[in-house]
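Everything below concerns the one structure shown next.
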Amino acid sequence: MIWVAVVITMLLFILVAKPTGIYLEKAFQGSKKLDKVFGPFEKLIFKITGVKEYNQTWKQYALSLVLLNGFMIVVVYFIFRLQGVLPLNPAHIEGMEPTLAFNTAISFMADTNLQHYSGENGLSYLSQLIGITFLMFAAPATTLALVMAFIRGLAGKELGNFFIDFTRALTRVFLPIAFMAALVFVALGVPQTLDGAVTAQTIDGAKQSILRGPVASFVAIKELGNNGGGFFGANSTHPFENPGQMSNILQMMLMMLLPTALPFTYGRMVGNKKQGRILFVSLFMVFLLGFITITTSELNGNPALNAMGIEHVQGSTEGKEVRFGTVFSSLYATVTTAAETGAVNTMHDTLTPIGGLVPLVNMMLNTVYGGVGAGFVNIIMYAIIAVFISGLMVGRTPEFLGKKIEGKEMKLIAVTILFHPLLILGFSALALSTSLGTDAISHSGFHGLTQVVYEYTSSAANNGSGFEGLGDNTPFWNITTGLVMFLGRYFSLITMLAVAASLKEKTVVPETVGTFRTDNGLFGGIFIGTIVIVGALTFFPMLVLGPIAEFLTLK
């Protein structure tokens, strides 16, 4: 029965992808019906804020994005610092420590949601609503706006205006869908209140304080926007965030909704629907392989316990919620790292070595399917690399969407693809070379190395999940992961927008018999191979020293 539920869940991922992709294309490219519904409200916003409707250059678009995001980071930083004297603080929570406020503000603006604090004890309701929830809308709206400009550039059209795209992302996508999802979560038992903690009497007569809050609205945008941060420290293992299997499936659907839709949006916007389908199918195959790997490893149980003759019919149950079970915990772990959300319904630090390898690889690749917007930019980056390699093999100038891929584009892509592992491995080396980093490690040996690398991988990929055995709420970890999150977020977005702008200016080369097609199974295979060879092999030495070595040791 559990496998039937898994198949149905995956079919739901597939069934909603195309309709959502079509809706996104209409939402951003203009639809009379949508303009009639949302247009008056959007025009009012533009009038109040003074936004002028004109097309920006890629530099203007990128500058607008960075300045607006930077302003939001500063505002939310001071909300965190001053929350102790601000209203909506029934628990009388003190202001955040400076480096923790720095880390948290960047974390949520970068759509990472790395949490070095416990949600219910670290933030007031005002901070949760005005700080955290606000950024949970603004962060994915930023990248959804950018990916639309990116696709327009690839299609040879004007990039558009960041502020208009940003507003449409909020009004036409995130606000309506999150509102409906929040109502469903309330119906499924997720609380939504501004009242303080309630005192309950336990069976043995003791009194217990049960924390609550505006959780349903928080969880809706947490999953839809690929944010991942928890209202409670236990994240989606907490029964108030994720009461049962229905809420669990809904959360996974929300996580996958926009990332899986974007290939179809892309296909419609560039006039090559078949290429969009090929990208979707190729990535789903990689996703499926990851799920099979982690599930097989977790169902085989803990090798150390197996050697003692302990029954393991349910697999490795350490760190997992009984109401979800091993299979759905494995699926959730695959989804949350494939879609770069970072929400967890099981503790990733307790996964088996190969089980923990899958989330780590998903984040290192950062492209299966990746987070809202930013993930799809990485997908196209790998697609262009695949075309470039194929062109070199047959002695032709590589072409993508009829545009020649030349030195300028490949230099930008080369720098972008090297920057991600440089952040992860460079800062991991720094942490391992000083006691400021190693003092946080709770396990020695191979697992300890994996804890460190997982933290920086999660930060660079804007995922936010963690091997929570790491004692990371220290100035060193707050500052270094904050820097990694900021650089990992904005560097690749800007460089790839420059690539799209460069391709926009090029003339379309007529298709000939020798043109390498990017809308068939051959390209799909080369695309997957490129992801594995260029992406995975970059990190292979580290994976051997971490989870693979731990697996071999346990065996």
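Each position is counted from 1, following the chain as shown.
Backbone N, Cα and C define each Cβ position, glycine as well.
Here's what Swiss-Prot has on this protein:
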TRANSMEM  2-22  transmembrane segment
TRANSMEM  60-80  transmembrane segment
TRANSMEM  130-150  transmembrane segment
TRANSMEM  173-193  transmembrane segment
TRANSMEM  246-266  transmembrane segment
TRANSMEM  278-298  transmembrane segment
TRANSMEM  374-394  transmembrane segment
TRANSMEM  412-432  transmembrane segment
TRANSMEM  483-503  transmembrane segment
TRANSMEM  525-545  transmembrane segment
Which range out of 130-150, 412-432, 525-545 gives the transmembrane segment (374-394) the most CB pairs under 8 Å? 525-545
Please give the sequence-distant neighbours of the transmembrane segment (173-193): residues at least 6 beyond its ends with Cβ less than 8 Å from one of its Cβ atoms. 24, 27, 137, 140-141, 144, 212-217, 219-221, 223-225, 240-244, 246-247, 250, 254, 257-258
Close approaches to the transmembrane segment (525-545) from elsewhere in its chain (Cβ under 8 angstroms; 6 or more beyond its ends): 278-279, 282, 285-286, 357, 360-361, 364-365, 367-368, 382-383, 385-386, 389-390, 417, 421, 424-425, 428, 446, 449, 453
Cβ pairs under 8 Å with the transmembrane segment (2-22): which stretch of 60-80, 130-150, 278-298, 412-432, 483-503 has the most? 278-298
With the greatest number of Cβ pairs under 8 Å to the transmembrane segment (60-80), the stretch among 130-150, 278-298, 412-432 is 130-150
By Cβ distance under 8 Å, which residues at least 6 away from the ends of the transmembrane segment (483-503) in the same chain are close to it? 57-58, 61-62, 65-66, 69, 103, 106-107, 110-112, 114, 143, 146, 149-154, 156, 159, 374, 377-378, 380-381, 384, 400-401, 403, 408-409, 412-413, 415-416, 419-420, 423-424, 427, 456, 459-462
